Each structure stands twice: as C-alpha cells, then as structure tokens.
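**Q** Have a look at the structure that comes next, please.
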Amino acid sequence: MEHIRTPKVEQVKLLDRFSNKTITGTLHLTATHLIFVESNSTNAQEIWILHHHIASVEKLPLTTTGCPLVIQCRNFRLVHFVVPRERDCHDVYSSLLRLLRPVSYDELYAFSYNPKQNDQQREEGWQLIDLGAEFERMGVPCDQWQLTNVNREYKVCDTYPRDLYVPITASTPIIVGSSKFRSKGRFPVLTYFYQEKKSAMCRCSQPLSGFSARCLEDEHMLQAISKTNHNCRFIYVVDTRPKLNALANRAAGKGYENEDNYSNIRFQFVGIENIHIMRSSLHKLLEVMGTRSLSATEYVIGLESSGWLRHVKAVVDAAIFLMKAMTVEGASVLVHCSDGWDRTAQVCSLGALLMDPYYRTMKGFMVLIEKDWISFGHKFADRCDQLDGDSKEVSPVFTQFLECVWQLSEQFPQAFEFSEWFLIQIHEHVHSCQFGNFLGNCQRQREDLHLKEKTHSLWAHLLAEQQNYLNPLYDPTLAETQPVLEPSTQPFHFKFWRNMYHQFDRSMHPRQSILKHVLTLTENNREMENTIRSLESKLQQYGVSVSPLKVRVAPRERTRPQRPRSLILGAPLSRKEAQQQLDEEAVVEAEEAQEEEGEEDGLARSCGERTVEGSSATENGYGDLEEAFSSKPEPAVVSLEFGVARMTC
Amino acid sequence: MRACLKSMEFSEHIKTANVEDVVLKAPFHAPMKGTLCVTGHHLLFSDRSGDSSWQLLLLLRNIDAIEKSVENLLGYSSQSLNTGSNFRAVGSSGTITIKCKDLCILQLDIPGMEECLNIASSIEALSSLDSVTEMYPFFYRPSCLSLDDSWGLSTLEKHYDQLGALQAKWRLSNINSDFSICPSYPPTVIVPQSVDDQMLVKAARFRQGGRFPVLSYYHQKNGMVIVRSSQPLTGANRKRCKEDELLLQTVIDSSERGYIIDTRSAQQAHQARMTGGGFESKSCYNSWKRLHRHMERGKVLQESLIKLVEACGDQSHNMDRWLSKLENSKWLTHIHSALSTAGLVAECVERDGHSVLVHGSEGTDTTLLVCTLAQLILDPETRTLKGFLSLLEREWVQAGHPFQLRCARSAYSHARLKQEAPIFLLLLDCVWQLGRQFPLALELGEPLLLRLAQEAYASDFGTFLCNNEQERCALGAKDRTHCLFQFLLKSSEREQYINPLYEPTDFAIWPSVQPQSLHLWEGLFLRWADHSQTMEEVRDQIWSIVTEHCGGS
C-alpha cells in the first residue's frame, strides 16, 4: 500500500477505443486492482484491472480536457483515461509503474488471493492432476518404457520434472552422457505414447554438436528410442526451427543432429520462427487491429504483413506432421528446437491433442498443459513477464498455442468438450498470477516457492465452474469413431481470433451468441428431463405405474436466454462478477427465506429484458452524420449497462 | 407443336447423346464410372455399377465454363480453351472440366476423342442459349406443381393494403400499367398522395430510364420513408425539373429535411453530368442533404468475384499468398461499403427521423442493395422467411434488377464481360453477415441464401428470368413457368430453409461494420472445399437440441 499515493480520483473520463463515446467515473487504486466506476448511472459500468494484467502504462501529453493515461493489458484490454488534473494523473501513473513491476514472487497476487477455502480443499485442488496417472493412461511404464529416477533430485536437468520416462535399454550412464550433449541438459524423454502403434513422441533440446562434435551416449539414446518401436525402422528427428537458425547455432557449438552419425534417423526441419519474431508479429497484428476505422483492405493487409496467421499455421502444420508420422507411419518422433521449451512444447502438445481425444476434454486439456508446458519447464515467468525481467524473454508462445487449439476447434466444432471461453479464461489466468500453477519457470523453482502450500490451483477453480466453459456442440461419440483429427492445412481455415484479441472491444462482437443460446437450451432440456424423472419416481412412490402413462409436458413458452452479465456475449462471468455472485449465494444460504425472492429477481431479469445485444447505431459509425445528430438527444430507450447498449421496452 | 420444334433445335446441337464408361470426378465423391447423356437442358450422369445407382443431373445453364483436353495413343496432348479442335484419333480419350455457376467443379474422363469433343461442343452451345423461352423453366413441369398456382407472393397493391398507416399520404398509381413511363418499373408503384400522374410523367422524363422516385419502405414507428429512383438527368447545363423537385418536397412533407444517399462518389456524380446524368444540387433541392457513399458496381464487382473465387481455389497452402489474393479481390471491401451505406440509411430513418432518397446512376443495382439491407436492419417483418422472400420479390424482381444481364455468367467464365455483376450475390452475402452477427434474428437460414445464390444463375423456376416485369409479361413467363418463392414456402421445402434458433425481435439490428466483424462466406465460396460437411452436421445438431427443447420431452 505504501506505493499508492492517490487511492481515488474523481471525474475521470474513459474514452472508447473505436468510437467517440466517453464515460465519466471515478478511478480507484487498490493494492491489487485498478478500478473504474462509472458515475451518475443506475447501472454503472465497472472495470476491474488486476495490476499483473497491466503490460504498460503511458502518460500522453497534457490536453485541454486533462491528462491522458493509456493502459495496455496482457489480456488485450486497452483503456484510455483522461484525468482532469495533471498531478493526480502523475500520482496514478507512478504508483502503477511501481505496482505493475513486482520484484519478488511473494508480491504476486497468488500469495494473497484467498477464495475462502480451507487447507484441505486447497490440497485437493492441487491433487486434481496426477501426471503419473496420465502416463499410466497412455500405457507407460510398459515392456519398452520405464520411469527413471536419475532426475529425482534435479541433478541431471534442473528444468525437467523429477519423474521422467525413458526406454528400458537406456542406462543411467547413457542418460547422463546424452544430457551433457544437450543444451541445458534436456536429454530425450518420452512425452506421449501412441498405444495403438507403439509409437513414441519424445522431446529434448538441441545437441551441442557444433560443426563436428559427436556423443556416443546420445547416439545410443536415439537408438534406444528407435528400438522401442518395432513398427518402424527409423525415427523422425523433428527440428522445429527454420534451417537457417539451426545452422547459425552451430557456430555457437550447438546445432542439429548429423544424419551420418545417428543410425536410422530421418531428420526434418519444420521452420517455426523464434520467440522474438513471434513477439513482434503479435505486436504488429495488435497494432493494426487497434487502428480506428480500419478499412477491410488495411485489415487483410495487416493480417498478412504481421505474419501471425502464417506462424500459427506453421505450428499446426508441424503438429500435423507429427500426427501423421505417428498414426499413419507408426514411426516414433523426437522433437526439439533450441532449448526445447517453446516450440517443442507447442508442437508436442498440439500433436498429442490431434491424436488423443482425451486431451480434447476439459480435464484432459488441463493434463496436457500440466505435462507439456508446466512440468517440462516452459518458462512462464519469463515469457509472461511475471516479475520485472528481461523484456527480450517475453513472448506469446503459450497464447499462440491456445490460438492453435482454437483454430482446430473451428475446424472441428464437435470434437472439443470446451468452448473458446475456456481457452480465454486460461489465458487470463496465465497472466493474472492469481493462481500458483503458472508461477516460476520450472518445477524445481515452484517447489522452492512452496506454491502448493501457499497458493491455489487454477484447475480446481476452472472445474468448479466448468458449466461456463462447455461446448454445447461437443459430441463424445466422435472420440470413438474419429479419434484422430486430420485438419486441413488450407490457409482459409486459419482466421483472426477476434474473441481473444478483441475480448474487451464490444463493438466488434456478434450481437447475439449462438453458443450462449444453445447452452441455455441444452441446460433447459436437462432440467426438464430431471423434472420428468423426479415426477416419475414420485408417481412410483405413490404406486402409480408410469410405463403406460405418457408424460406430457405442456409446450414451454420460448424463454429468452438470460442476458449474460459479462461484457462479452457468452463469456463466463469475470472474476469480480463471480465474486458478486458468490456473495449473493452466501447471503441466500444464510437466509433461506430470501431464496424465493432471489429467484423472482432472476426471473424478472430474464423476462423483463428484450435486448439485441450491443446493437446500436451510434457505435458503428456508418456515416458522417455526427454534425447532423449532435443536436438530437439519444433515443430514450437506449440505456447503457456494462458497456452494452440495451433497449428496454 | 412449339415445344416439338424447340426440341428439334436442341437436337441440332447434340452430335453424341450418350457415352458409356465415362469417369466422373465430383467433390466429396470417389471417382465414378457410368453413362453420360446430353439432353436439351441437362447433363445426366448415371452410375449403375454399384448396388445403389447414383445420378447427377446438371442443368446446362449452370455451366459457366468448360475446359477440354484430349490425348491420343501417341501421347500427343492438346489443351484448348473453348475452341473447337479437330484432332481425330482412334483409341484416344479426353477430359472435360466443367466449372459451374454454383462454383462446383466437375471432371469427366471420356473415352474417345471424338465423343469428348462432341460432348464439349454440345455443352458449349446449349449452355449459352440466349433465347429466354428456350430456357428450362419453360419446360419444367414437375407433378407437384401446377401452372395454375399463383405466381409470386404478393403484389404492390396487396403490400399497399397491408400498410394502413401510409395510405393517408401515399397512393397507388397505375400510370406505368403499359410500361410506357418506365420500362423497368412494375405496372403499379406507390407515390405521394398529392402528386398527380401528370407530374409523375414529367418527373420520369427527368430521371434515367424513367425511374422516378417511388416508395421503397415505410417506417411505421415514425412515418419516415425510404424512396428510391435513378439519377436526375441534369446534364452539363444543370437542367431542372419543377415536378421532380415538387415530388421530393412532398416526400419530406412537414419534416424539415431529408437525406439523399447517392451510391456514387461526389466526383463520379459530377462526372455523370457530362453524359447527361447528374445529381440533386443544393440550390434546387434545398431541404435535402446529399451524402455520397461510393459503392462499386458492374465490371469492378464481377472482377472482384472472379478474383475471390480464384483465390479460394488456390491449392498452394500458403498463408501469405491466400491473404494477398483475398485482399486483392476486395470482396470484403464491397461487403463493408454495402453494409455501412445501408446502416447509414437506416440510421437516418430510425435515429435521425428523416426520410431518405437512395439512388446511384441507373437505380437498379446498388440502389436496390442498399434499400433492401436497410429494410432488413429496420423491419422485423422482412426477417421472416416469407417476409424476406416478399422483400426480394418487391425490391429485386418487381423493381427491375436486370437478373438476366447480371447473372448471365459467373466467376469461371472466359467470355468477355458484358453487363454481368454479382450484385445479388453481394446482397446474399451481406444478409449472411447480418445472420452471423444476429444468429437469432433472421428466420431464414444459410441454406436459403445458398439456394438463392444458385437459382439466380441457373434455375428450374421462372422467378429470376428476364430483366424486368415488362419482359416477363411479354414472354408470358408468369403463365408458363413456376414460381420459386411459392415453391420454397411449401411445407415440404420450408423446413430446410429455416434458422433453428430464430427468435423474433422487434428491434433494429445494427450490424457492426468493423472489418474484424466481417467474414468470408465460407458456405458459399468454400462450399466445395474439404471439411465443409462438418458445418452441416453442426446445423443438424443444433436442430436436434432445439426440437428437443420445443418438443418438451
């Protein structure tokens, strides 16, 4: 709190990014959040911004109306405030600068966040995902693969997890020898086992081959991996980097495998660019998309010149290569990039997602992230800029992975148990530092931070509200009939992910949500079935036989789906709103008598509103009628709530 | 007798009527071997090898372009486009690639070079017959339909009767009953009550093609209207027409002003004066505020469509190439300008409370596009299946959009462009964009839009034949063909064109026109690419969820 000089500033204007609309309100600065509350309105809009979400704060030159303050967030929110007095603006600005750059882990929100759980609940949350059980599910250990304890004390590789799976024939000296020949000691280990063909997906970092160095143990290691699979004589070694980058690495004593030295490998580059190129690519994309009154031409040119979709497609293409090699050819695959924690994590996890329907369920997807990203040491702290660190280490590698999953879910709308809001929510919390899961760079560091004792697990939180993230179109039977996804690599299947990058720009969103509507219908169907079942059982209790009696339900009046209270249609409630709801529930629990009243309230809300979400002519700027309209007041029927234009009848 | 004569004419073009052992390659099917048959209006392929015989019946009118290549046993191969080549060899074979106006591409491998060339020349001749009465709608006689069924959904008289509120200020005029005042208008139009027919005659002379200002839409909420016309013929010496000025003044009535939305840029409008056209100058129409919204038309649009379809067929799997081709086609830009101009018109009427006059130059293309979209935004009635089809009938068929000229050729044709323009396709795409942004607001579903896109170019029905009502009357089209709109509303058909999620709303639906909110219409442009079937499965699944919900248990 000592960093907060001015906790409250009044008469602050919030400018809309894409229209000329402004809202006046009060700015509050707390230890964890920056809060803007609209004033003079019955349904005041509130914006809560977690300090960790703020990527940058910028103070623009003073104008006649005040001092502009532009805040850019990691969840792609961009707010533009105008603070009337320069001094207040400066106070807020300097406080934020200090608050958004925590210098030590214990300053992070996760260590103070308290969702009113007891220690046992917290522990259960952390036990939800068990990677040992996950490998068992894949059929490992087996006659060819075993659990090794060489890394029990993080002695061989400190960025790997403790438990690693290697071929039976790989002895400890081979492992240790191989690890010394690999960048950061990240030797080849199993990450996914395709039981049907006994083909294995292994991952590692680049070899320290330079121009001519060899390592017999490493060659043995690859041989051992190859021998585990009787289906195929060779293994694919997939270097996810562009060839030029790999060649350049040779000069630094690193590089790639020489096919002459390793027997029975097929070497392949797939050409995914490095973290720096990805960072600037997304930056360019967002810059274009943030332009006001962007033309359709500028939009498509921007998509192209940023290269973002090309990069996304490259990652998906690599995953498809893995999937085809393992399922069609039955060959085992070894994947690496430079250090084996960025592109390797992307390609391995995405490849497994294509092959295994389990990873397309909500729980399975958590397991996948836990395995290929968290435990194998994707450097979340550095890539997501959790502490004030090196800006060159920051890169949207994980965001890009989530986007790849979204692109696949667009091609296979029935194959995923979760909707895009699940992905967006995960993205939100990777940056929120509210839960312990993504803190730090590797497992060892997480243990040192005692995260499991001091913080909560995101997975438990997401599972608790999983109904918000369900995909109503999910068809579980597809897992049987079409377990392996074979996506098209035609470029027109890759689209701009508006709901991610414009999450908070409501004028961009579809005005009615199919997802939300179908979810409501499905939910209603389920409720009705339950009612029927309970009525039937009651009848049975009274000794009335049910079977000849056809239960007839009067055709229900078509109910309008309840308006989502979140800013984005169909989006799950934000943390703050969820908190509100929690509080409401607590009150209801305490006073059961009020329960009915609460329900009525909800009913009134859902019936009383006939809205076409966010549909308003003012926002769209069709014309240059500004001058013509300025004299006329807004029609009285349009009121604003949560930034969503609402017409009440 | 007459039909007999015609069929003889067709037979002149058919040198080889049947070929056995033809291999057909069509999207979503493995290659099939069967018999190919050419008739006066169709290409028939039937595969009798399997247990379940499979047939393809393709309307020749649907064929936009064919490419043929023949090769003889010596391995000599010649490729020629649309030219008759005279190679003859025994034991040779040929391949015909058929590119359809619905964007489907079929390939036929035909044994025998001569047969191949014969089939190709028959297709070329029969698919481009110009005479309207020789077209299939005049021969289509299905058992489920009768020629006595009423043709069309409504008339302007009925439409006028339904709008009680407007009758105080607007009247029906039969001045065009013999099409002499305006050949492209229907016999009856709705005009201001106080303007007499004599004035209309004079105003018509002052507008291109005689398209004087007539009512397009009456906004019941505030009594404001959308009126449409063609450009005024002011010419270089700034001619005036008192009657036209008065007519427009009457439209405004008591409210202080109105808007003229000119679908050309200001520069284009000025240039139009050199060729006798022009615009309403401020001094002569001082209660009207003129806004120029440039919209592409004609050749530019047609080329845009050709480029887009070419981009969608690109097989290079290269992202940059795709995006640059997509950009180069400019199709999304046209969507953007159509929707935002329509939004502007609707905004003037609903928010600003003023009447609007829409015109471009001829008033038969972009004018109709903008008026139609504005009505969809404002009027919940037009968002029902029947309402939408009635809107199309009123604003496109009766209002004289020249379908025959505009839809003669589609994206694959190599023929020199004449007056083709995919303006109707652009409308359907914009409606699809509305449906995407408001998935619950339209009763009509994507399948209807796809069906209409196909029917406009090649149809069993007479609805989209000819360029205007006058031509339809002259050919007796309404007596001798069936009506598509009536057919689509039959209970047997209706179901498949309904949006399962439809929930009526009384509000205006304001579309977002940010490029991030506009999408490529995959259902149309990528209809024949891989993976398009999953979307149909999804639709089925939504249907089942909805029916389960409505059914109760």
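Even glycines carry a Cβ here, placed using N, Cα and C.
From TrEMBL, here are the annotated features:
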type     : residues                                                               : note
ACT_SITE : A:C337                                                                 : active site, phosphocysteine intermediate
BINDING  : A:N274, A:I275, A:C337, A:S338, A:D339, A:G340, A:W341, A:D342, A:R343 : substrate binding site
COILED   : A:518-545                                                              : coiled coil
COMPBIAS : A:582-601                                                              : compositional bias 'Acidic residues'
DOMAIN   : A:125-501                                                              : domain 'Myotubularin phosphatase'
REGION   : A:555-633                                                              : region 'Disordered'
**Q** Near A:R343 (substrate binding site), which residues of its chain come within a Cβ-Cβ distance under 8 Å, counting only those 6 or more away in sequence?
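**A** Result: A:T240, A:R241, A:I272, A:N274, A:V315, A:A318, A:C337, A:V397.
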**Q** For the recorded substrate site, whose residues are A:N274, A:I275, A:C337, A:S338, A:D339, A:G340, A:W341, A:D342, A:R343, find every other residue on that chain with a C-beta no more than 8 angstroms from the centre of their C-beta atoms, and list them by sequence position.
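**A** Other same-chain residues near the substrate site: A:S205, A:T240, A:R241, A:T344.
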**Q** Tell me, what is the mean pLDDT of the coiled coil (A:518-545)?
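**A** 82, rounded to a whole number.
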**Q** Taking the Cβ of A:D339 (substrate binding site) as the reference point, list residues of the same chain whose Cβ is under 8 angstroms away and which are at least six residues distant in sequence.
**A** A:S183, A:K184, A:R186, A:S205, A:Q206
**Q** Using a 10 Å radius around its CB, how many other CB atoms surround A:W341 (substrate binding site)?
**A** 27
**Q** Let me know the largest Cα to Cα distance in Å among the substrate-binding residues A:N274, A:I275, A:C337, A:S338, A:D339, A:G340, A:W341, A:D342, A:R343, as an integer.
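**A** Maximum Cα-Cα distance: 12 Å.
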**Q** What's the number of neighbouring CB atoms sitting within 10 A of the CB on A:C337 (active site, phosphocysteine intermediate)?
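**A** Cβ-Cβ neighbours of A:C337 (active site, phosphocysteine intermediate) within 10 Å number 27.
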**Q** What is the Cβ neighbour count of A:N274 (substrate binding site) at a 10 Å cut-off, with all protein chains included?
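**A** Within a 10 Å radius of the Cβ of A:N274 (substrate binding site) lie 17 other Cβ atoms.
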